[in-house]
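Trainee: The following feature annotations were taken from Swiss-Prot:
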- Asp43, Tyr44, Val45, Tyr46, Asp47, Ser92, Met93, Glu124, Arg147, Glu181, Lys297, Lys321: NAD(+) binding site (BINDING)
- Lys126: active site, N6-AMP-lysine intermediate (ACT_SITE)
- Cys415, Cys418, Cys433, Cys438: Zn(2+) binding site (BINDING)
- 599-679: domain 'BRCT' (DOMAIN)
Amino acid sequence: MSKQEAVSELTKQQAQAELTPLREQLKKWGAEYYEQDNPSVEDYVYDRAYQRLVEIEQRFPDLVVPDSPTQRVGGAAESQLNKVTHEIPMLSMGDVFSLAELADFNRRQQDNSDVKVDFDYNLELKIDGLSLSLVYENGRLVQGSTRGNGTIGEDVTENVKTIKSIPQVLPEPLSLEFRGECYMPKEAFVKLNERREAEGQPVFANPRNAAAGSLRQLDPKVTAARQLDTFMYYVPDYQALGVTTQAQALEKMRALGFAVNPNYRVVHSQAELTAYIEEYTKKRDQLPYGIDGIVEKVNDLATQVALGNTVKVPRWEIAYKFPPEEQATVVRDIEWTVGRTGNVTPTAVMDPVQLAGTTVSRASLHNPDYLVEKDIRLGDTVLLHKAGDIIPEISRVIIEKRPADSKPYEVPTTCPECGADLVHLDDEVALRCVNPMCPAQIKEGLAHFASRNAMNIDGLGPKIIEQLWDKGMVKDVADLYRLEAAQLLTLPKFGEKSISNLLTAIANSRHNSCERLLFGLGIRHVGAKVAQLLAAEFKSVDALMAADAATISAVDSIGPIIGDAVATYFQNEQVHQLIAELKEVGVNMDYLAPTTSATESAEWAGKRVVLTGKLTKMTRGQAQEWLSARGASVTGSVSKKTDLLIAGEKAGSKLEKAQTLGIEVWDEDRFDQAMKEEN
């Protein structure tokens, strides 16, 4: 933002001229954040602009209009999800950006209020997620909803039932609403983006966007796979809990089975308040979840009620927002890389700087539109921060330091690897190379084909694939099975033992069950789990190739998006040719039930099994691997086709549905005993 006149210096005419574009800009940013889960600016940019709007309207109250962002909460609930009306509005929160502003807020609250306010505040970490309401009747979860515009939110009941930290049934028959924050842990966010990138899908900008997009899914199975978590922090009807302070309310919620952030603290002085903020300003990078500030609440709940709310925010709480940690550096180059699906992504290469505990020299520029909107040029000095405390990102260009001979960066129109024209597909912001013979895509595809979850060819990594490609030894995955020892001897640092091990690994991969092949082919939207489901259902690649989109979509846990993608892939004549070549070199095309004894096969082969709840004697992954190895198909949802549900601790809606459908249910002890008997 260019240098602006101080609000105190504005004339009414100047204020009026500034207000309209400022409000429109804030509405646009608000819609991106609340409705599209895809903000184009960082929180602090929005916060500063919003703060200026507040100050102008406070100075000229007659210029306030009903649709100003200061008069509304959040954004509209604009999705295909059902709408929920909040009986008690879910308000926004006021914020301050310095310790001085926070001290001033407290002083005004204590001195100017008709209500006596003691220096008795509960401090809580401000979790970077989205607000969530949970309604219980007689102790049972009956509704989950997002904040939306504060009055009307979205019904996400079935989705919240998939979140492990949310109890389905309370230990007391309470009929109450509980509020909190839904978030995505940092580790889950990184893994989700790695998965999406591997499958050619756009990655999320930060954990908050990922959490919002995951919670607002139409399909609860998608939400379940995203590893969301929650921290609850508020009960509108606190008297029903028998508590008198915010700290007591948090402990009561913990006793009821909710996840409550343990890092809250009651403070009684400005020194204690400052110490807490300074402590978590330093610790925030080490936390397994994102925080973007500290929330200060009047600890006494009766005082909270007496203070009440403005039209938009409570008077009894305020958020202290962390200043963004930024470092200035210089952009030296912009590299363009081609992914397995042809997506061409720009990356800024910069002078190394220390940022949030790590050395950073590269930052993704996401897509060409982002690069153009930010007007990033070679030689520019830029401010760098970590989005969601994780991903290095350029905040802005420091225009004053731009070289005099600077020129706008020209986005390439041809693929940096093969020279083919780059295109936008289906209104995507990404640029794609659609040349099926693009070397970069083929090499990425070869690496994916050989990866552990695909054909599992040990020893065949990207560097060796690069050498094989450069020597002209492979042009597609079928060529891997035509490699001979004499060819490999020409590669540097390749001895007889290495060659023998690699050829053995390649030969062994011929005999994989076909779900590994399906995943290895790199079909859009087909991860390892989907490949397993398709293989178990159709039994062979040929049968899957012959199926239409509707038939594939009807498979349990698949759906129309995946069904269309798979059917479209197998309609391609080049794919038919590749499958024929793979058959020619002896690659198995059938689903192979694991080699087991007659007793084992009778017990597990072909069974559809669902795992639910927390397992204590093994991880869910270990249980799934054991079952799959014995021919069982492990699915994510309960249906009439399910043969067995294995229920761990705190099993919820899946257990209820299985019991309703009359499906056999085992607890973990029985499953553990069955494993011991077979092993």
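Cβ from N, Cα, C; glycine included.
Give me the structural setting of these features: burial, nearby parts and distances.
Mentor: There are 23 other Cβ atoms within 10 Å of the Cβ belonging to Lys126 (active site, N6-AMP-lysine intermediate).
When secondary structure is read from DSSP and collapsed to three states, Cys433 (Zn(2+) binding site) falls in the strand class. Counting only same-chain residues at least 6 apart in sequence, those with a Cβ under 8 Å from the Cβ of Cys433 (Zn(2+) binding site) are Val338, Gly342, Val344, Cys415, Glu417, Cys418, Ala420, Leu422, Ala440, Gln441.
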Trainee: Could you tell me the C-alpha distance between Lys126 (active site, N6-AMP-lysine intermediate) and Met93 (NAD(+) binding site) in angstrom, no decimals?
Mentor: 11
Trainee: List the other residues in this chain whose Cβ sits within 8 Å of the Cβ centroid of the Zn(2+) site residues Cys415, Cys418, Cys433, Cys438, in sequence order.
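Mentor: Near the Zn(2+) site, the remaining chain residues are Val338, Gly342, Val344, Thr414, Pro416, Glu417, Gly419, Ala420, Leu422, Asn435, Pro439, Ala440, Gln441.
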Trainee: Around Arg147 (NAD(+) binding site), how many other C-beta atoms are within 10 angstroms of its C-beta?
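Mentor: I count 24 other Cβ atoms within 10 Å of it.
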Trainee: With DSSP as the yardstick, break the domain 'BRCT' (599-679) down into helix, strand and coil residue counts.
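Mentor: Its residues fall into 36 helix, 18 strand, 27 coil.
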Trainee: Counting only residues 6+ apart in the same chain, whose Cβ is under 8 Å from the Cβ of Met93 (NAD(+) binding site)?
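Mentor: Once residues fewer than 6 apart are set aside, Met93 (NAD(+) binding site) is near Val295, Val313, Pro314, Glu317, Ile318, Ala319.
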Trainee: Could you tally the C-beta atoms, other than its own, that fall within 10 angstroms of the C-beta of Val45 (NAD(+) binding site)?
Mentor: 16
Trainee: When the Cα-Cα distance from Cys438 (Zn(2+) binding site) is computed for each of the binding-site residues Val45, Asp47, Arg147, Lys297, which gives the smallest value?
Mentor: Val45
